[in-house]
Amino acid sequence: MLQTVGEWIWWDRLWLPGNLSWSALEDKEGRVYAKVSHLYASLPCALCLLVVRYLFERYFATPLANLWGIRDKIRLPAEQNPILEKYFCSQTRVPPQADVWSLCKKTGWPERRVQVWFRRRRNQERPGLRKRFSEASWRCAFYLFAFFGGILALYDKPWVYNLREVWAGFPKQSLLPSQYWYYMLEMGFYLSLVFSLTFDVKRKDFKEQVIHHMATLTLLSFSWISNFVRIGTLVMVVHDSSDILLEGAKVFNYATWHQTANGIFVVFAVVFMVTRLIIFPFWLIHCTWVYPLELYPAFFGYYFFNVMLLVLQLLHLYWAALILRMVYKFIFTQLEGDDRSDKEEDDSDPPIERNHKPSHMNGSGARGRANGH
């Protein structure tokens, strides 16, 4: 049964155009083609990048944070309370008002004290400024390295300047060493991001980031297997160009170099709009949607690849809306940090609560003050 399923999954008609078969992509006459077995190299590459990241953050990002005086905010710890801790861990971090009143009865605490406890407990879960700085520094360094690596691999290739050359001789296009290493580096990086999701900084667009990573890995894997390598390298270099600026703006913002961060952010916004909303859909997706049909009739792999590109484009539109909102704040109000980040909450205990802690049963007094806070 497994053999039958495997034969169906790797059926030539699904992934290759025309009457071509996988035997046509076997190495011969000095030509080397991308193979499924090559993708296994992305796993050790991802593990190596995790080690490099650890070393980078410890021996470069941390000393740089010390040099620039980046410090974590001192947070007041939440009081020990098993009832609230159990509720926080098993139910929700932000209790509705009805649950707050119920917890007041169970703990014997006034409403304000329960609310302050949850604010402090949520703050304990948030990553510190130094962690965010280290993570942004690592991503900025990687994207910078990958972008210029991609430029070196592509600058002399004819398909960069004439997109019809992407499909010249497809799928019998020999694999170049520069393409192999560029792919393995990018796939290893995104795979490492999937591995580190549990301990990386979680932002408001966490779900969209997961979808992006999975769509990217699926696209890279499929484009490698079906020898869509030329267009794959173009997609990667276009994405990396704006990611450098985004992470660089975060680095300088965390270091409180706000004017520098704002300047880089403006450049990032322009580059993002040009690369993700103009070049990507009207050049690259057009290249994959129109030009192949001039050579072969549509096949499943053609539709699959273009649908995955459209998924990425929908994410680009979502992030473009966030960026435009941040640009609006930057121009008309005041922009502070990354709009996707989870903001620190005020966890101070007001003097009225420290000096006088009435029971929640004292009528509308304590509840009224809580509602008016």
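Our numbering is plain: 1 for the first residue shown, then up by one each step along the chain.
Note: Cβ is positioned from N, Cα and C throughout, glycine not excepted.
Automatic prediction, not curation, is the source of TrEMBL annotations.
Taken from TrEMBL, the feature transmembrane segment covers 38-56 (among others).
Per TrEMBL, domain 'Homeobox' is recorded for 71-128. Taken together, the residues in the domain 'Homeobox' (71-128) have a mean pLDDT of 86 on the 0 to 100 scale.
Annotation source TrEMBL lists DNA-binding region at 73-129.
Per TrEMBL, domain 'TLC' is recorded for 131-332.
Taken from TrEMBL, the feature transmembrane segment applies to 136-155 (among others).
What TrEMBL records for 180-199 (among others) is transmembrane segment. Counting residues 6+ beyond its ends, the transmembrane segment (180-199) has Cβ neighbours under 8 Å at 34, 38-39, 41-50, 53, 142, 146, 149-150, 153, 210, 213-214, 216-217, 220-221, 224, 229, 232-233, 236 in the same chain.
Annotated transmembrane segment per TrEMBL: 264-291 (among others), in sequence order.
What TrEMBL lists as transmembrane segment is 303-324 (among others).
The region 'Disordered' annotation in TrEMBL covers 338-373.
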Query = Who are the chain neighbours of the transmembrane segment (136-155) in space, where the CB to CB distance is under 8 Å and they lie at least 6 residues beyond its ends?
reply = 49, 53, 56-57, 60-61, 64, 176, 178-179, 181-182, 185-186, 189, 233-234, 236-237, 240-241, 243-244, 247-248, 250-251, 254
Query = Reported in the order helix, strand, coil, what are the DSSP residue counts of the domain 'Homeobox' (71-128)?
reply = 35 helix, 0 strand, 23 coil
Inquiry  = Give the nonlocal contacts of the transmembrane segment (303-324) in its own chain as ranges (CB under 8 Å, at least six residues past its ends).
reply    = 205, 208, 211-212, 215-216, 218-219, 222-223, 226, 228, 235, 268-269, 272-273, 276-277, 280-281, 284-285, 288-289, 339-340
Inquiry  = Which residues of the chain, 6 or more past the ends of the transmembrane segment (38-56), have a CB below 8 A from one of its CBs?
reply    = 137-138, 141-142, 180, 184-185, 187-189, 191-192, 195-196, 221, 224-225
